[in-house]
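Down below is the structure, laid out as C-alpha cells.
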Amino acid sequence: MSRRGERNEETDKASVSSKVADDSQMTTIYAVYLIAALDITWMFLQFSVTPYLAKKLGFDTLWFGYLQTTVGVIQLLGGPMFGRFADLFGARMALSLACASTVVFFLLLAIADTPAMLFIHKIPTIFMHVLPASQMVVTDLTKPEKRADALSKLGLCFGIGMIVGSTLGGQLSKLYGEKFTAYFGAAGSAFSLLLVLKFIPKNTKAETTRGNTTDDNRKKSVFNLGEITRLMKFPTVMQTFIIKIVAGLPSGIFQVMFSIIALEFFKLQPEQNGYLMAYFGIVQMVIQGGVIGRLTARYSDNSLLLLSIGVSSLVGLAQAYIQNVWQFCLNILPMMFSLSVFNVITDSMLTKSVPSSDTGTMLGLCASVQSLLRTVGPTIGGFLSSTWLHSSCSIILSSRPHGTLGVGHWSESSG
C-alpha cells in the first residue's frame, strides 16, 4: 500500500508540474502575441509617416522604390543571421535586440530631414525581426499538428496592429506631424522592450534539444553560412523556398508599392490611408483568427497552398479593372485570404521540415524571402508605377505561376 501511495503521490506531483509548465508556456505565448501586436502597431505607425515624409523631401515613385529596396537588402542580409542568433542565444536576447533596434529606427526617423537621413534611418532594420522571433517562440512551444493554427494567431495580432497602427498613425500625423509620430513610435517600442524583459524566458527550446545541441551550437558563429545553408538540404525545404519566392514575388511587388498607389492613384490623405489600412487589418483578423485554423484542421498543406495561389491569380486579374477605392476594398477580401493562407502554410511546412533546434534559423530564412521580395519588388514596382502605375502592378499580381507547384512531392513537414 505504501508503495502504491508513493506512486500515486509521484504521479500527482508530475501532473501538477506538467500543468504549471503548460500554464507558464501559455503565459509566454500570450505575452508574445501582445509583443507582436504592439510591434505591428509601431510598424504601421511609420507607414503613415515615411511615404509622406519622402514626398516632402522630393522623392518620386522610383526613388521611393529605391528606399524600399534598401530595406529589403538590409533585412535580406540580417534575417538568416538574426534567426541563427535566436537559436544560439535564446528568445529573450533576440526579441530584446529586435525591439531595441526598433527604438533606434524611430529616433532616426524623427530627425530625418534630408534624403540621405531617410536612407540612414533604415540601417537598424537589419535587426528588426520581432515577428520572426515571435514565430520562433510560438513554434518552440506548440506541437507540430497545432503549429499552423498557432502561427495564424500571430496573423490575428498582425491584423490588430494594422488597425490600431494605421488609424493612430494617420491621426497623429494629421494632428501633430510626422516628427511627433516617429517619437511616439520610439516610446512604444521601448515599452515593447520592457515587456520582453519581463515575460519572455531566456530560452524556449525543449530541454532535451538544448542539452544535445546548445553546447555544439555555441561553438559555431552566428555568421556561419554553412550552418544556415545546411537547412536547405532537408527534404522539401528547397522546393518550398522556390515556391515561396516565385509565387510570392507578384504580390510582394504590389504590397511594397501600395502606399504610393494609395497616394498617387486613389489620392488618399494620410488619415484616409490609415482607415484603409485599418480595414485591411479587420479583414486579416477575421481570416487569421477564425478561418485558417479551421482550414488547417480539415485540409492538407498542399491543398491549401494550391488554393491560395489560385485565388491570388484571380485577385490580380480583377485588380487590373478596378477604378475606385470601393471596388478595391471589395477585392481586398480574397486578396487577404490568399496572402494569409500562403504565408502561414509555407512557414508551417518549413518549420516542420527541420529539427526544433533550428526553427529560429529557418524562420530567419523565411523572413529573408520576404526581404528578397522587398529588395527586387520596389525597384520593379517603382518602374512599373512610374510608367503605367496601377494597372501594371495589378496585372503582374495575376501572373503567379501555377507550374511551380509541380516541383517535387509535398509531405507534411509556414507569412
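Even glycines carry a Cβ here, placed using N, Cα and C.
Listed ranges 61-82, 369-390; the one TrEMBL annotates as transmembrane segment is 61-82. The transmembrane segment (150-168) makes contact with the transmembrane segment (275-297): 3 or more of their CB pairs lie within 8 A, with pairs spaced 6 or more apart in sequence. In the predicted model, the domain 'Major facilitator superfamily (MFS) profile' (25-415) shows an average pLDDT of 79. Sequence-remote contacts of a segment are chain residues at least 6 beyond its ends whose Cβ falls under 8 Å from one of its Cβ atoms, and for the transmembrane segment (180-200) they are 27-28, 31-32, 34-35, 38-39, 41-42, 45-46, 48-49, 91-92, 95-96, 99-100, 102-103, 105-107, 109-110, 130, 137, 169, 172-173. The stretches the transmembrane segment (61-82) and the transmembrane segment (275-297) are not in mutual contact, being linked by fewer than three Cβ pairs under 8 Å (pairs 6 or more apart in sequence).
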